[in-house]
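**Q** So Swiss-Prot lists these for the protein:
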COMPBIAS  160-176  compositional bias 'Acidic residues'
DOMAIN    207-505  domain 'Dynamin-type G'
BINDING   Ser220, Ser221, Gly222, Lys223, Ser224, Ser225, Gly239, Lys386, Asp388, Thr415  GTP binding site
BINDING   Ser224, Thr244, Asp317  Mg(2+) binding site
REGION    317-320  region 'G3 motif'
REGION    385-388  region 'G4 motif'
Amino acid sequence: MNASPVRLLILRRQLATHPAILYSSPYIKSPLVHLHSRMSNVHRSAHANALSFVITRRSISHFPKIISKIIRLPIYVGGGMAAAGSYIAYKMEEASSFTKDKLDRIKDLGESMKEKFNKMFSGDKSQDGGHGNDGTVPTATLIAATSLDDDESKRQGDPKDDDDEDDDDEDDENDSVDTTQDEMLNLTKQMIEIRTILNKVDSSSAHLTLPSIVVIGSQSSGKSSVLESIVGREFLPKGSNMVTRRPIELTLVNTPNSNNVTADFPSMRLYNIKDFKEVKRMLMELNMAVPTSEAVSEEPIQLTIKSSRVPDLSLVDLPGYIQVEAADQPIELKTKIRDLCEKYLTAPNIILAISAADVDLANSSALKASKAADPKGLRTIGVITKLDLVDPEKARSILNNKKYPLSMGYVGVITKTPSSINRKHLGLFGEAPSSSLSGIFSKGQHGQSSGEENTNGLKQIVSHQFEKAYFKENKKYFTNCQVSTKKLREKLIKILEISMSNALEPTSTLIQQELDDTSYLFKVEFNDRHLTPKSYLLNNIDVLKLGIKEFQEKFHRNELKSILRAELDQKVLDVLATRYWKDDNLQDLSSSKLESDTDMLYWHKKLELASSGLTKMGIGRLSTMLTTNAILKELDNILESTQLKNHELIKDLVSNTAINVLNSKYYSTADQVENCIKPFKYEIDLEERDWSLARQHSINLIKEELRQCNSRYQAIKNAVGSKKLANVMGYLENESNLQKETLGMSKLLLERGSEAIFLDKRCKVLSFRLKMLKNKCHSTIEKDRCPEVFLSAVSDKLTSTAVLFLNVELLSDFFYNFPIELDRRLTLLGDEQVEMFAKEDPKISRHIELQKRKELLELALEKIDSILVFKKSYKGVSKNL
């Protein structure tokens, strides 16, 4: 029974020394097969031993031991199998991790070969013998030939070919991650930052800048494809018509610690765009925004692409040269494009002249323009595209030509496959391999890849493989030539770094001069006073809060009571005018004694209705609304007295904040006030003191009303004339004349006459009631005869009660919460909004811009000085070119 654990232990030791690799030969068994056979032997041996043990020992005294061992037998077997299973899983995981890289390479090669075979087979149907009319070597043939050579080398054990394959694999790995960090002193990234700073200072200056690589070429030269091959993404708009109508200032930033590929549009304040279809769409819209009548614009589009797979470069893509204007294009388009390109081709910019191999260099628009801007060819790099369209010997002669010599030479690239990639060719059986593509291209993209992104990535890989296979196949022709996109990238990195490095000292001198001028202006105009948009905003908010604090001290209970009392006085006058002053029996109130109890009851009920209408008119909401409006109006007055009056953004924010704070307590305050005045709706108890105050207030109120009526009547009389007004009034008072002609009187004159009659009657009534109030109405007993006094007393009680709760529920809450809420909303404002607010004032805008210019110049000068200090310890940089 002890044989099974011992054999398992021996087996584990043997398996531990067994190599876990995948054998390609069918005659060699894998470790899994050996392990399975050994496990079978273990089980058979253990079973045989157990049976033998039971048969040979039949003693009754040993039955308990036998039974216990039989029971433990499954446990031993199960434990052994579990240990073996765990070991198998461990070895399988080790084997999978060992072969993962190899499988990935095989998968990439298989997919590319399937694509090439599909293209070759489809080409056999449409072309003669599978060869294109352009004379290119079919990609599938190149890949197949390369694969056959590799297999033959492996069978023969040729060490030289193995070394070549290792070099190619190493090149592929180096291409996957850009090595900008290892190039020279890695100064390009810092100098591109300086260039970006200088562009912020003055983007239109041709002197205050560092060199860039300016890409020029005709529309069919493959200019856009060269840029996309450097970036590794398709993002530039293409089309049969001219789609590049504005310069594209492209900045590539190497981010070694990031797996994302993102795009920024700094001038549009759009950042971290991961969808390059969106980038392409935006570039198309920005270019198409240029009117057809203008065709091209000098306003650049600023685009920054960040990735671990791009070098640190600063490029400018210009509109392609044309030979003949189209019918829908302006006649001066050719001249406009030439003038725009000349602006960017000036020193110290590097010129990247793109020319197609199938076009004679004598007709190259790019070389012609570069020769005009750089006669000696010291700043020009020639790039020859579409080398696969010509014979290798001719391609070599183009790259090594002496007719059009350039100091930096020519670089040959192939940026496209012989035929465009069709989606149906992405899979072996006509279907897009979505799963495999996702595994390849979604790495580092956090799930952002889609079918279109996969297609773009596949195009770049296939293009790179095609270029690599072509130059490898024709290696003997391009021995002494500079070819491949990788070589172009390396050359651009070195040249740009050297050019920028050489331009640092003269640029530093210019920056110092500009800084001195800016500092002098800043001192003269603003006395070196530091001001930021945020500090300007906070200073104005502090002034606003101080004004609100003063308003809080002035706006106490008496102010609130006067506002509410004035409104209720007007309501009292409206009630009196409606229910009393139009009553024909008003004269009866002046008699010493009413004729009957019925008449007395009539005036008593009339007073109750008037009082009820006053108390049930919605005092809660009326008083709350009046208080709210008074606060908002005073807040507007405070804003108008500060510098915020010129800033609509902050004025709206302050007003909306105040409205929200007041609205939060509006309904609860109105309900509280309404509940407090509820007893006055049923019974109003007046003391003699209240009556006396109300009587005096009523007299003053009637006097003011009488004064206003007399003033208005006198104004009409002066405007029309006393005699003419008397005639009109006499005519209107005679009712029989209303049915006849107007005797030449205008409609306006008749309206003035009607108003004068009304005012005359109202003055007589007010004079009559004023005498009544002065001579009588001395006590509450006469409240039915003196409704003016009674209603005035009621309004006074309503006002006093409402003010108590308005002061507590609304005012105190507003003055406490408004500054807090205002600060909270101000913190939510972004830097862009704060800067926009500050620049609404022209003087402040000038202050901030001049100060920002001074700070940017200081920052650029500091960075340049640090690079120059470091550069002194580095000699012979230009010798690496």
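Each residue's number is its place along the chain shown, starting with 1.
Quick reminder: no glycine exception, Cβ is built from N, Cα and C everywhere.
A description of the local structural setting of each listed feature is requested, covering burial, neighbours and distances.
**A** As a whole-number mean, the pLDDT of the domain 'Dynamin-type G' (207-505) in this prediction is 80.
DSSP classifies Asp388 (GTP binding site) as helix under the three-state reduction.
Around Asp317 (Mg(2+) binding site), the C-beta neighbours below 8 angstroms that are at least 6 residues distant in the chain are Val215, Lys223, Ser224, Leu227, Leu236, Thr244, Pro247, Ile248, Leu250.
A Cβ distance under 8 Å defines the sequence-distant neighbours of the region 'G3 motif' (317-320), meaning residues of its chain 6+ beyond its ends; these are 214-221, 223-224, 227, 236, 242, 244-248, 250, 296, 337, 340-341, 344.
If one looks beyond the region 'G4 motif' (385-388) by at least 6 residues along the same chain, the residues whose Cβ comes under 8 Å of a Cβ in the stretch are 134, 136-137, 221-222, 225-226, 354-358, 395, 398, 412-416, 418, 466, 470, 483.
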**Q** If you draw a 10 Å sphere on the Cβ of Thr244 (Mg(2+) binding site), how many other Cβ atoms land inside?
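**A** Excluding its own Cβ, the number within 10 Å is 23.
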**Q** Taking the Cβ of Gly222 (GTP binding site) as the centre, how many other Cβ atoms fall within a 10 Å radius?
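**A** Its Cβ has 24 other Cβ atoms within 10 Å.
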**Q** Just give the helix, strand and coil counts over the region 'G3 motif' (317-320), going by DSSP.
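**A** Each residue of the region 'G3 motif' (317-320) counted once, the result is 0 helix, 1 strand, 3 coil.
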**Q** Among the binding-site residues Ser220, Ser224, which residue has the fewest other Cβ atoms within 10 Å of its own Cβ?
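**A** It is Ser220 that, of the binding-site residues Ser220, Ser224, has the fewest other Cβ atoms within 10 Å.
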**Q** How many other Cβ atoms are found within 10 Å of the Cβ atom of Asp388 (GTP binding site), counting all protein chains shown?
**A** 25
**Q** Once Ser224, Thr244, Asp317 are set aside, which residues in the chain still have Cβ within 8 Å of the Cβ centroid of the Mg(2+) site?
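**A** Near the Mg(2+) site, beyond Ser224, Thr244, Asp317, sit Val215, Lys223, Leu227, Leu236, Pro237, Val243, Ile248, Leu318, Pro319, Gly320.
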